[in-house]
Every structure is written in structure tokens, then in C-alpha cells.
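Here is the structure we will look at, set down as C-alpha cells.
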Amino acid sequence: MKGSIEEILNELGWDNGFRIPVSNEDNKLLEEKIQRNIKLKNNLHQDLVITEDRIKSIDDYLKNIKIQHNENQKLITAYLSQIDAEKNLNKIAENEDISINQEIKNFEKEKLEINEKILYFNNEIDKLNIKIDKSKITVLLDKTKLLQIEQDLNRDEDNEKILNKYMQLDKKKWKELELKRQKLTSDLELYKGSMDKLLNEIRELEIVLDRTSKFYVQSLEERRQLIDRWTQSVEVLKQRDNGIQETIREIEILKNISRDQMNILDESEEFLQVQLNNNRNIEYTIKSMEKKLFFDKEEHRKIVNNIAIFETEYKTRKKSLQEFSRKIQQLNNDIKITNNNIIMKNKKIHDCKKQIDDLKIFINDIDNKSLNTDDRVKQLESMIENEEKQKVLIKREKKRLQDLILRWTNNIIEFENEKKIINIQKISEYKKIEIFSLNKMKEEKKLNEKYNIIRNLDIEIQKCEIYLNKNNNNETDKSDLERKKKIIEQLEKTMADKLSINKLLQNHILNLQKDIRKIQNNLNNDNEELLILKNKKQNLSSLIEGGEKQLKIYQNLNEEKQVAENILLLRVTQAEKMMKNIGNKLYNLELYRLQIDAAMKERMAEIKVQKEALNIEKRLALNECSELKSTIVDKNTQIQHLQLRYNNVITTLGNNEYDGEPMTTTFIKIKNAQEKYSLQQQGDKLDETIRKTEQEICSLENTLRIVNACNDKYKNTLQPLNNSNENDINEEKKINQDMLIAIENLKIQKNKFEIIENELQLLKNNENIFNDNLSKLEDEKELKNQNIYDLDKQIFDQIEKILRADKSLKKLYKDIQLMYENSNSNIILLQEKDIATRELQEQNNLAIHRITEFIIRHVEAEIYVKKLLTNKNISIPCVQYLKSSPSPSLCESFKPSIASSSSSRISNNKAFKGWQKVFSHESSELKCKMNFGIYLPQQAETSKLPVIYFLSGLTCTEANFIQKSGIQKYASDYGVIIVNPDTSPRGEGIPDDSEYDFGIGASFYVDAIQEPWKENFKMYTYITKELRGLINREFPVSTSQQSIMGHSMGGHGAIMIALKNPGMFKSVSAFAPICNPIECPWGKKAFGGYLGTDKDSMSLWKGYDSTYLAKKYNGPFLDILIDQGKKDSFIEQLMPDKLVAASKSSSSSSSSSKSSSKTKGLTVTLRNHDGYDHSYFFISTFIKDHIKHHIKYIKNKK
């Protein structure tokens, strides 16, 4: 519409903008006013936009300031909390100082006490020394007396005896005194050692105190620095608050200005509306004119189009007529040529008939001829044999290299083990050396003591010799001498032995040091050999990879050669047939026919070869496609990782304060620009204030100069004080006061100037920091963009490759289809079906693996997913079933293997030195194949062990408990066999229900009596009789040491079986069991389906309900442990409290009877756990407690 209006206005002559038709001067004036108002409006609109932008920037700045204010408040609160923490630390340090001072005082007291003791002992030693001296003096006196007595003894023999007695008594006293002295010396040494220890401890405490004091001083300095920083930040905040107040004032002024301008705008808009109403009427007339024009133009266009269509039809009809004429001429010519050809061919047929008659005679002669092609066949066979030999040699080399790698890896492992053993030996030898050094020290001490004893003995010997020289005639002296000589000889022998032992020890130490050096050298050599072996291993692995590549190349070459051989064989056979059928003189239609047949056969052979080549190319293309897909997946994962890194960086940056959206680089740049702008404004303001202050300072300096000049002049004009007036004195005082005030103002202004300069420097530093951060962020962004660009490039290349591969595949597919159309063979169809089935299988495997991953991540959905899959006869792959260990069964050492019977082993995996096995066997009770898992710990190889049966819950198999519970560790620790059967019969012909809580996976461990369940669903008898009998027969199980446990539906089964069969199991435990199935929806549905819904079947229902069985229980003592999670979503259906109440009522009735004792009765312990649900995470947390519970009753009770 706008375009049409402009065209009409141009036609009318209104080219230069909007103009009212000029008829009067009033219209001219109106037009000029409108133009002025429009200009005014534009200017005002621009001003409004600018003011709005400014207001927005101010609002943003206010928001930033508010955020900074909040952050500062947070910092202040953190600072206050830090101060409180510091105060607490100070108090703790003061308390520690007080305790340390008390300890020091205690140590000083102990030191004083020890010093007093030492003085006391020293005094006693001095006293003893005095006594010894006195005894020596007495001994000397005794010697003199003895000499006199000896003289007297020569006279009297009786006196001699008395003297000998006195001598012996003196010797005894002397020995006692010596012993006392030795004891005192040993006590002294002990006290000295204790004193040294105490002194060392005191020194250590002093060192610790010094360190603590240093650390305390450092922390105080750091806190002071922090306080200074906080004060600076608080001052900066105050200045910012002042700036905010100034900006608020400016905003108010701007608001007033905007209001005035808005009033002007309103007036101008009212005027404009009046003018617009006038313009609308004009526009209405213009629109009507435009409509008329539009209709006229459309009619014109239609006419032009019709003319063009008629012209094209005329041209096409002309061309078709010309072509028809040409075709008629060609047909006439063709008819003439065909008539001539028919005549010529009839002649040729007549001639050929004659030749055929002649050839029939000739062919009969040629039939007996044959050519030898055996030589060529032999050559081809020899070529094939040589290639097969090369294949065999390559395979042998591959096996040899693999064996070498295995050997080298085993050698490396052995060398590493030897290295560990040598290190252990080295450590033990070092320990021996330390022990020998300690023994050496002890022996040296003993030797020194012996040397002292020998010296003392030498002194005594000398004394004794003097005494002997005097008393040569006495026989008693001779006997003493002989005895002493013997003692001396013994002492000498002991000395010699000790010295020899010392030498031996030294030699042994030297030998040990040599051995250690040798071991170190051997270790270094072993390390070098290990490095060499590792290098060899790498070389061998590279050789193997190269060999595998060469093998593939040779295989491809072999395939090509085989194709060539097949072609040659076909050609040979064709040649043989030709040689049999054709002679040297055949030149007729039959020869042509044979040639055509041979060419056709060659073509067919080539087509087959091409088919095989195309199949090979297709396989290669599929392999390339799979490789490309894998690379695409890798690149996608890389992209995801990079995106995650990018998202992490963005999350670390935080969210936008205004929109709540994540931070972006553009937002950071804008924010930094805004901050720069605000900082520049602040800097400009500070520059202005600095200039003002400088001007004020200059003015103050000038005033001071003037004042000084005035003062000088005033002093010159002053008269002596006696002649001065009071007015002059007052004036002088005033001037001095003004001087002081001016100086103070100068100082204040200077301080302000310094503060402003410091603030400027801080702002500049902040600006530099912001710029650095910005540059870093930009660099990071560039790097990320580069990485993304590289990744995009790689992805684009990969996509191009995939497209090329797809194109080549499509071409190949088209070629194959053409070949199929030409050949009419079913082989290509079969190949296509085979490829399609393979692709479907791959897709199905991928889908199943994704489902398994989903189940692992989301355990809650496992039940529902498995139920859906079982309805569609799809089984999820199990980790236990994928791998099978080649090791033999542990049961072979005890009884014949279970595989020898109707059962077979599915999997066998080592775990915690034991074996986790899964078996399947034909069940006579359930009339289908049943799986059960069994964990055999290491102890089962030598003896029979107790067994615990675990019954799983709804929708579970035997695999769930094996993979998720983690029971194998505790079973191996406590030496217990664990058996876990499947939850229900499975397979073809087994009836099932669409719901997860009934049918397959939901047997409720009862014997069904209703159709169609009664033939297969007999899980109660299967577990109590068939499975127990099989386990007792085939495995090393103690029949008298058995317990049972379960989870959910399996918990119901475990408790129910134990209560129905008193004495069969020693103990029971359950995780979140269904305790009262009669009262819950699960139980009602299952019992109604399996047992019936009439009144007679209610008694059967009660026979499988744990609460009713608990009330009537009258068997041996049974301890039941139940663990229940409080966040269990099925707790309303489980009802464990009812079982507890039923057990209490049964225990009270049993206690009232005469036979109440610990050998009979029932106890139920219910443990509720916060935060736990119904999953296997809950089971794996408390499985150890349940094993311990069972071990109390089944271990060591035969």
C-alpha cells in the first residue's frame, strides 16, 4: 500500500515529502508548522532515547552497586566471624600458654627434686667412699695385726684358726661393700639417663614454644594486614556511597527535565492527531484509486499471459507436424530395406541347409577327438597349494609370536615378583644389621666392664702374691692360690671367647654389607633387563600388528587369485568343449552359435566375478561405514566433552543478575565496558576535584604570601611595645589566628589530595586487572572457538566421507539390481536378505544394550521393562552369561560334577578366591528348565560348609542377586555356600500374565492348584524338596547347617517356608518382606489366581501367610531378622508390624505353657532404616549383618 501511495503522490507531483495541497497561505503556514513539529518530535524522541539509555545505565549501575553493597556486607560479616574465630583462637592459645607454663613449672619442680636426689646420692656415695677408706685403713691395721698374729700363730696353731676365721669375715664384708658400691654406681647411671631424657624433653618443649610464639606473631601480623585492608575497603565503600547519592540527585534532575519535555510532546501529539484525521480522508480517496489501478493491471496481465500461451501452443504443434512427416518418410525407407533383407536371408537359409547336411557328416568324425588340458590343471593346482602353504606359514608365525609374547609377559611378571622378594629380603637384612649393631654396642659395654674387673683382679692377685710369698709353708694358702689361678684362667677363656664372638660379628656384618651391594647390583641389572624385555614386547606387538596387516593383504590377494583361477578353469573347460565340438574346417551357423554360447558363458563368469568383487567391495564399504560411524560417535563424544567444559566455564561464571540467564562473553564485555565507563567518569570527577584543590592551594599560597608581606611591613612599621596600642595587638592576634587556620586548611587539602591520588592509582590498578581478565577470557574464547571450528571441520569431513560411502553403496546396489534383472538369479536376493538381517541384528543388539544401560541407571524401571520384554519374548543379556571361565568345577574334588547329570553349567566366574557358578537343570516338579546360582568359597575345596538359600523378589531372576548384592565377599570371609534359585518357571509353554505382579517372575513360592498354573507353578515343593535334594547331593553342603533369607516376595517365601517346616532351617532373615499377603493387593491377586477365591481356598491362603503361621508356630527356637527401609514406596503392602505383633502373641502363649524355654518359640527383630528404599542398594548395605545373623546359628553346630 505504501508503495502505491508513493506512486500516486509522485504522479500528482508531491515528490519532496508530505505536503498539503497549497491553496491558501494558511495551508502553507500549517505545512511549515507540521514540519517544525515533526523535527521537534524527532529531536525530542532522540533526547528521550538518550535519557532512557542513561536511566537504564544508571539503574544498572545502581543494581551493581547494590550487589557490591551486599557483597561488602557479606565480607564484613565474614570479617566479623573471622575476628570471633581469631578471638577464640587467642583464648585457646592463652589457655595453651597457661597449660605449657604449668607444665614447665612442673618440670622445674621435677628437676629440682631430681637434683636433690642426685645430691643425696652423691652424699651417700661420699659417705660410702669414706667408709671404704676407713675399711682400707682398718684392713692395713689388720694386716699389721695379722703379721703380729702370724708370728704368734707360728707359736700357736689355735690362734691361726681364729685368724683365718677373721680373715674370711673381713673378705665377706669387703665383697658386700663392693656389691653395694656397684649397685649405687648403676643407680647413678640410671638417674643420669633419666635426667638427660628430662632435659631433652624440656628443650623440645622450649623449641615448640618458640615455634608457636613465632607462628602466633606471624598470624597476628597477617590479621593486622587484613584489618588494614578491610579499613581501606570500608573507606572505598563510603566514597562509592557518596557517588551513589550524587548520581541519585542527578537522576532526580533528569526526571524533572524529562517531565517538562513529555508535556511538550503531549501537546505536539494532540496537534498531530488533528492533522492525521485530515490525512486519513485523503488516504481513503487514494486507496480507492489504487484499487481501480490494481484491477486494471490484473486484467492487462491476464491478456498478456493468454497471448503467450497461444503462441507456445502454436509453436509446439508446428514442431509435432514436422516430426510426424519425418517419421513417415523413415518408415517407408525401413519397409523397403526389410523387404530386401528378407529376400537375402531366404537365400542364405537355403545355402545353410546344404552346409548343415555336410557338417553333420563331418561332426560324427570329430566326436572322437580330444585335447589334453591336464598340464594346465596341474599348474593351477600347484599354484593353489603354494598359496595354502604360505597361509599356513603365516598362521604358524602368528601363533609363534603370540606364544613369545605370552612367555615374555610371564617372564616380566616373574621378574617383578622376584624384585618384590629381593626388596623384602633387603629390608630384612637392613633390620638384621641394626640388630647386630645393637648387639655389638652391648658386647662392647660388657667388654669394658670385664676389663675393669680384670684390672681389679690383677691388683688382688698382686696382693695375694705378696701374701703368698710370706706364707709359702701354709697349705691353706696354696689351695687359695690354685683356686684363684683357676678363676683367672676361666676369666681369660671367657675374654677370648668374647673377642672371637666380636670378630665373628664384625665379619658377619661385612659379609651382609657385601650381600646388600650384590643384591642392589642384581636389582639394577634386573631393572635393565625388564626395560629391554618391555622394549622387546613393544617390538613384538608392532611385528604382530604388521603380520596381521600382511595376513589381511595376503588373504585379499588369495581371494583375487582364486577368482582368477576360477575364471581360467571356466575358460579351460569352455576351450575343451569347443575343441571337442568344433573341427578345423567349420565355417557355418553352428560355429557362430557355439561362439555366442562361449561368449555368453564368459560373460556369466565375468558377472559372477563382478558379483564377488562387488560383495567384497560392499563388505569393505560396510566396514568403512562402521569405522566412520565409530569415528563420528567418538567426535560426538569429544564435542559433548567440550560442550560440558564450556558449560562448566559458563556455570563457574554464574548467571546474569538482570535476566537470570547464564553469563556470556558478550555480557562480560559489556559489563567491563560499563565498569570502564563508570571508572572513567569517577576518574574525570576526581581529576576535576584535584584541579579545584590545586587552584585552591595556589590561591591559599598567594594569600599566605600577601599575609607574610603585610606582616613584614607591619613589623617594620611597629614601634616598641610600650608605645603600641591595644587595637594593634588585637589585629596582630587576629592575623596570626587567620594564618594558623590557613595553614591547617592547607594541610587538610594536601591530605585530601594525597588520598585522591591513592584512589586514582587503585582505580588504575583495578582497570589493568579488568583488562587482563578480559584479554584472558578473549584468549580462552578464541581457543574454544578454534577447537569448535576444528571439530566442525572434522565432523564435516566425516559426514562427507559417509555421504561418499552412501553414494558408492547406492551405486553398488543399483549395479547389483541391474545384474539381478539381467541374470534372473536368486543369489543376490538371498545376499540382500542376509545383509538386511545382519543390520537388523546389529540394531537389535544396540537397542538391547541401551535398554540394559537404562536399567542399570534407573533401577526403579527395571521391573516394568523386564515384564514388557518377557511379554515380547526378548531377554536382556546378562554379564554372568556372556563370559564362561574355562576352569573346572570345584565340586569335582568332592562328588561327580553336576554337568554329568541332567543339569548343565551356564557360567563360572572367580570371585574372592571362590567360584560363582550358574547351573540349569530339568525340573521334574516345574516341568521346565530352571536356573540357580551357587557361590562356593575356597574352603569348599577341603570340607563341607553350611549353606544359606536366598529367594529373590518380583520380576527378578537368579542373576539380579548375583550381580548387585555383593554377598560373595562376606560368604568367602565366613565360609558359607550361597544358593539363589530363579523366582518362577520360564520358557515356552509356561503360562504368563500381562501384569508384572502375576505369572512369570511372580510365583509367590506357593503350589498352584488352579488352571493353567497347577502344572508348572509348584515353587514351594521345588525349593523345599527338589532343589534342596539336588544341592545336598551334588555339592559339599552340611545338611544340618542350613538357613534361608529373601527380599520382598522372596522374604515372604523365606519366612513362610521356615515357619511351615520347623527345624528345616536354623535361622531366617528378610529384606522388606511381604509379611501379610492375605491383606495386601499383591497377595490377594496372586493367591486368588494360584489357589482360588472360594471359601474353601481361604484355609490354603492362611497356610501360605507368615502372620497366621507365626501365631500358630510351636517348633524349635527360630530367630527372624527383618530390615525395612523407611523410604520404601511399597511399605503399605509389606506390613512388617503385623508379623512382629503375631510373633509377640505366639511368644506370650508359649511362655504361659509349661514348655517355655530358649529351645522353643519365635523372635522377630525389625530394624527400620532412614532414607533407604526397596532396591538392591539397600540389600548390599546390610547384607553383612544378615550373614552374621545366620552364622550365629549355623556355624559349629553339627
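Quick reminder: no glycine exception, Cβ is built from N, Cα and C everywhere.
Curation does not apply to TrEMBL; its annotations are automatic.
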Coiled coil per TrEMBL - which of 548-575, 576-603, 604-631, 940-967: 604-631
Among ranges 370-418, 664-712, 1105-1153, whichever one TrEMBL labels coiled coil: 370-418
Long-range same-chain neighbours of Asp1128 (active site, charge relay system), Cβ under 8 Å, sequence gap at least 6? Ala1072, Leu1134, Tyr1172, Asp1173, His1174
For the coiled coil (746-794), what's the model's average pLDDT? 79
Could you check the active-site residues Ser1048, His1174 and say which one's CB has the most other CB atoms within 10 Å? Ser1048
Determine, from DSSP, whether His1174 (active site, charge relay system) sits in helix, strand or coil. coil
